[in-house]
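What TrEMBL says about this one:
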- 12-38: transmembrane segment (TRANSMEM)
- 50-72: transmembrane segment (TRANSMEM)
- 98-119: transmembrane segment (TRANSMEM)
- 125-143: transmembrane segment (TRANSMEM)
- 180-198: transmembrane segment (TRANSMEM)
- 219-244: transmembrane segment (TRANSMEM)
- 294-312: transmembrane segment (TRANSMEM)
- 332-357: transmembrane segment (TRANSMEM)
- 364-381: transmembrane segment (TRANSMEM)
- 393-411: transmembrane segment (TRANSMEM)
Amino acid sequence: MARRGIAVRLNALLSGAIVVAFAGFVANVLNLGVSVLIARLLNPTEYGAYSQMVGIFFIVALPGSALSVAVVRRATYYLVRDDESLMARWQRRLNQRLVRWAVIFSLIALAGSFLLAQWMGHRSWLAVWVNALAAISWALLNVDRALLQSRQRYMALASNFLLEGAMRTVFMVLGSPFGVTGIVTGLLVAIGIARWHARRLVRVRGVSRNEEALEHTGITTDLMIALATLALLATLQFIDVFLVGRYRANVAGAYSAISQVAKTIVYGAIILGNFLLPETAIADRRGRDAYRQLTIAGGLLLIPVALLLIASEAAPKALLSLVFGSRYATEYASMTSLILAMVFLGGSTLLSVYLLGSGRRWPTLWLAISTVAGSIYLAQAGGAIAETVHRDLLLQMVVFLGLLLATLRPLGASEKSDA
């Protein structure tokens with residue numbers, strides 16, 4: 001009976017992971033398809049500007065990603081105790097605060113968009129602002145998804161991933177004739193539709209007026225730790241793109257092409273994190289580890305890794321020419337090395353999700369030290385493609401090994417964030 005119970009549990013874990021992975025794979029394929037179409041519609045300089053917008057999007061959206069980690073940690077705290085009433089009150093209070101903060105950050109983004117547009121090389125301030133609005137909306141969407149994750153509603157979560165991917169494809173392509181500004185406007189519309197769908201999936205029951213109001217949401221510690229961790233991971237993901245664009249703008253488009261291909265591995269790890277995070281948080285609340293779930297997520301990530309490595313070794317130039325066009329295929333020789341670097345970063349992403357889900361604090365310090373030192377190390381390449389990629393591979397390997405040691409190390413009570 002015990003073996004049968006373990007088998008049933010393992011099948012349930014695999015089913016949840018596969019559903020999320022499949023939806024994430026389809027969404028990533030759609031996003032890659034959009035990038036390919038945009039690359040063919042824009043000239044290399046414009047495509048380099050679009051790649052910068054992608055980097056800004058992920059950086060601005062980081063608080064939402066961090067908040068989703070904190071929301072899962074707090075929601076599982078209530079759900080494991082079967083306290084639906086307190087959960088509903090907390091959720092409503094959280095939503096009210098998020099709307100207020102979203103308005104404030106939108107106004108801050110409007111003011112900052114003028115300066116950022118000039119720093120990036122005289123880009124459109126409107127494109128920067130609309131892109132920031134899309135990132136803020138995506139941050140709110142992540143919170144709704146976190147509530148689905150915490151209840152292990154993976155089918156509903158997968159449907160929202162697929163809807164977002166489809167809407168991005170439609171509206172970003174429709175906006176492409178209007179340049180980068182039109183593309184990011186399409187992105188904003190697509191995310192708005194996805195959030196409307198997520199809000200319908202997340203139901204909040206009525207809260208009695210005579211129930212005592214919550215004084216706080218109780219997620220500050222988890223939020224700050226997650227924000228720092230994800231900000232550092234985003235820097236590790238995009239620092240090479242920014243450095244190449246800054247020092248060698250003439251090859252930024254070609255580097256962006258191999259970067260888009262390689263970074264699909266990281267996007268895959270982020271998608272799988274939507275399965276790993278709640279599983280780890282729930283296991284931690286019940287006093288268990290989640291190494292089995294971590295192994296499942298890592299195993300699923302190896303599938304696209306193998307496919308990309310085979311393609312990059314067999315015909316890298318032909319692949320880039322077919323997907324992006326021959327004008328973006330000039331840096332094909334560095335693609336395999338960059339893919340390997342992103343394999344380690346994808347592994348670091350999964351390990352970071354595991355550590356965040358189990359409430360670990362101190363591995364973030366390792367990320368901070370290695371990111372600062374690594375950024376200086378990468379900058380010394382002066383934007384040279386081959387040297388930048390080689391240094392990036394070494395950097396990502398070191399980061400991964402440090403996080404792996406932290407994951408395997410026994411957890412001390414002082415290392416955990418508060419409930």
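Every residue, even glycine, has its Cβ placed from backbone N, Cα and C.
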Give me the stretch from 50-72, 98-119, 125-143, 219-244, 364-381 with the greatest number of Cβ pairs under 8 Å to the transmembrane segment (332-357).
219-244
Given a Cβ distance threshold of under 8 angstroms, which distant residues of the chain, six or more beyond its ends, lie next to the transmembrane segment (180-198)?
38, 42, 46, 49-50, 53, 57, 123-124, 126-127, 130-131, 133-134, 137-138, 140-141, 144-145, 148, 159-160, 163-164, 167-168, 170-174
Stretch-level contact, the transmembrane segment (125-143) and the transmembrane segment (364-381), CB cutoff 8 A, at least 3 pairs:
no
Is the transmembrane segment (98-119) packed against any residues at least 6 beyond its ends, judged by a Cβ distance under 8 Å, and which are they?
56, 60, 67, 125-129, 132-133, 136-137, 139-140, 143
